[in-house]
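What follows is a set of notes on a single structure, which appears directly below.
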Number of protein chains: 2
Amino acid sequence: MATIKASVPKGTRDFGPIETQKRNYIYNTIKSVFRKYGYQEIQTPTMENLDTLTGKYGEEGDKLIFKILNSGDFYEKASAKKTAEGDFSSKSILPLISEKALRYDLTVPFARFVVMHQNEITFPFKRFQIQPVWRADRPQKGRYREFYQCDVDVVGSDSLLNEAEFICIYDEALSKLGLKDFSIKINNRKILTGIAELIGKPNQIVDMTVAIDKLDKIGLDGVEKELLSKGFTGADLEILKPVILLNGSNNEKLAQLKMVLKDSLNGLKGIEEIETVFSYLAGFDIKTAKVELDLTLARGLNYYTGCIFEVKTNEVAMGSIGGGGRYDDLTGMFGLKNLTGAGVSFGADRIYDVLEELNLFPKTAEESTKVLICVFGKEEEQYAIPLLAKLRSVAINAELYPFGAKLKKQMQYANDKHIPYTIVIGSDEMQSGKLTFKDMNSGEQKQATIDEIVRSLSC
Amino acid sequence: MATIKASVPKGTRDFGPIETQKRNYIYNTIKSVFRKYGYQEIQTPTMENLDTLTGKYGEEGDKLIFKILNSGDFYEKASAKKTAEGDFSSKSILPLISEKALRYDLTVPFARFVVMHQNEITFPFKRFQIQPVWRADRPQKGRYREFYQCDVDVVGSDSLLNEAEFICIYDEALSKLGLKDFSIKINNRKILTGIAELIGKPNQIVDMTVAIDKLDKIGLDGVEKELLSKGFTGADLEILKPVILLNGSNNEKLAQLKMVLKDSLNGLKGIEEIETVFSYLAGFDIKTAKVELDLTLARGLNYYTGCIFEVKTNEVAMGSIGGGGRYDDLTGMFGLKNLTGAGVSFGADRIYDVLEELNLFPKTAEESTKVLICVFGKEEEQYAIPLLAKLRSVAINAELYPFGAKLKKQMQYANDKHIPYTIVIGSDEMQSGKLTFKDMNSGEQKQATIDEIVRSLSC
């Protein structure tokens, strides 16, 4: 067999022990919060039928879907038809040689799941899902072809309690992960609709929101210039300006907005929804998050129909670390109409980078083995086995380095693996029963019996 | 957009909330044992380069690898070369339009990982990996195209302590999962080599072991008939018979075997290895497993070089639920020679079926939410929010059913979700502060304050 160079496809990553453990720490923290709020995990297959995915992500998205080749003699089966048609384009051949593709996100598989299992599901259905997705994007820093998404959604309930609880979930999960200063921005699609109605341009809502969204970057002048270039008039700008420059507390903003949107049913409905969410939040105990009404927030306008969210850390320069909102037609594409839902997601890769930069991973997130037993020879090894068994019997993660290696190498192993304690056993230790017990972080060591060591490691 | 039928590719499965939770229960139990023995988790990409996988699983295996189509205009890019060669077979076209494939097992990616990261890895490297793999097999009962493997391996240590600890890991993990009667069979490739040498047919070791392996099914007569048909002589059978019929305790078997194999260096080495493993086991505390020397055990003869294992439950008729062994050339295919290793795997899908059949899943494996608050109206909902927050603040998984649904529906929701407790709040409860607290399993209910409920749920 020829030697093959060991490499991974571009845009994909191996996760070694420490990285996997840190990632698990993030996922487990978030999962425990999801569960606390009554969300349950589901998993869907890596492969979906190609027609389940095609057409859901726009033309550009379709190109980025990884397709799986049919098994066996895929080309012989396809070529008769292909040749007959005389059309040799990839686009025409694709459906002849591929029927399956890799999951592109967790939303479409979730919709497919809900429709397929609608008779087994209890609604409101509260699910979370943490699985990898694949996109044939050009890889670059921070962008991978395989990455995890972390979604939490409820379908079949229109209560705004759900929206309020998503804010609680963000607050609790990110606080638990150690973030101390982050903002959860909230807006409502209906308010944006109301504003577009106000200036008589409901069809230009996207142009309008895209421009407003840039306020931070290009300032009011820049926003106005862009709006004018898109066909908005000076009169439109006069109406928009107070909305764009809205400031003060959330309540002050809402009060001003009610005045501005007093003639828009949509707008007033959006304001009422936000007020309801805020009234729920008053009963909960938001620990850390700054919840901010932000009218410049505009995401997924083709998709979201009610409240929309976006989460940003204020401690590190970094794009949004979460977002989501209310949608009203998740499952329509699979024939199940009028099922309302809401959901948010966590950007776990970015959260990883934030925790790394702020040094927020707890030391325990890097530990796995608690104590390593080092021995000088075969006799010591034999002596050590029941001690090893004793440590494990009280749920202490413990290893014995098999005899035959120098002590230095064994200590190096403990260091490399971030093992915080070692026990060294030589002939003196065997005779006295007093083992050499070392704290690898402080460097301190003392003589102790196995029972004393067990007690000290169990606290 | 046309309506698409909601379905999954054949041979793949959705896992709903209960199933996912039960699967997590199995994986988490096994993982906690892996960690207790010093093994650390790694994860490798779903996609590998096609040439990493091709040729590792035999010609039949290669056909079962799911290939991924190159992105973009895969056919235009390929057709020039293809047409020039005039070869239109799938086999010739494949390498032109596909460079990546789905992971077929965890062994080859692990080997690739070890070689690629050899300078970052601390040896002995003890890793476990639980990830899905894909095979384009014809789906049938119990056989899927996407399924999880659960592997634990150590490379860079030839100590037989590792083999002994794999037995401990099986014993502890399966005991923890509630299995009460299971056997861990052990054999050694070198003993099988010794036996084949004894009759002067070292090259026919596979014919020999395949026949002996059938003893249980076809009896001694059947085994002898098969051996004769493969070219073994009557004299060979006379030598083989005592080996095949070896019985008694492990020690008795080893004593007899030593006599039989006294002239085979390989055979004696294999016996010594097994004895060493047994001597380690004497120092550990094997809880439940029956560890049995079984000379008819023969698995992965092209791959394993030392001890081999197989695990069977004696409580349910079911194939092996685990197995593995020692190998000496895992990474040679990627150019890293002479790295010894040993590993075993858990058949998690089968273990799932065993636990299901024996009713061994604990009730908590189906629970997620601990208590559901049911309210009669909007006022009660408002009253309930701080109570809900209080429950969650002490780490109790709690939900509030948004107001607007009949009590019966709310109770049904609790039942469907296996929620063990409910709190009902109406106007009486709001006035008195004494909530109706119901145990959904026993049906008992009583009036209690939120503090009393918190205390009772926290125990």
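Just so you know, glycine gets a Cβ as well, placed from its N, Cα and C.
Predicted, not measured: the structure shown is a model, and the values here were computed from it.
Copied from TrEMBL, the annotated features are:
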DOMAIN    A:23-386  domain 'Aminoacyl-transfer RNA synthetases class-II family profile'
BINDING   A:D105, A:L106, A:T107, A:R135, A:Q149, A:D153, A:R299, A:Y303, A:Y304  L-histidine binding site
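Positions of TrEMBL features highlighted on the structure.
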residue: A:D105; record: L-histidine binding site; contacts (Cβ under 8 Å, 6+ apart): A:Y57, A:V133, A:Q149
residue: A:T107; record: L-histidine binding site; contacts (Cβ under 8 Å, 6+ apart): A:D151, A:L330, A:G343
residue: A:R299; record: L-histidine binding site; contacts (Cβ under 8 Å, 6+ apart): A:I308, A:E310, A:G323, A:G325
residue: A:Y304; record: L-histidine binding site; contacts (Cβ under 8 Å, 6+ apart): A:R189, A:G325, A:R326, A:Y327
So A:Q149 (L-histidine binding site), by the Cβ count within 10 Å over all chains shown, scores 19
Among A:D105, A:L106, A:T107, A:R135, A:Q149, A:D153, A:R299, A:Y303, A:Y304, which the record lists as binding L-histidine, the farthest-apart pair of C-alpha atoms sits at a distance in angstrom of 23
Reading the DSSP string in three states, the entry for A:T107 (L-histidine binding site) is helix
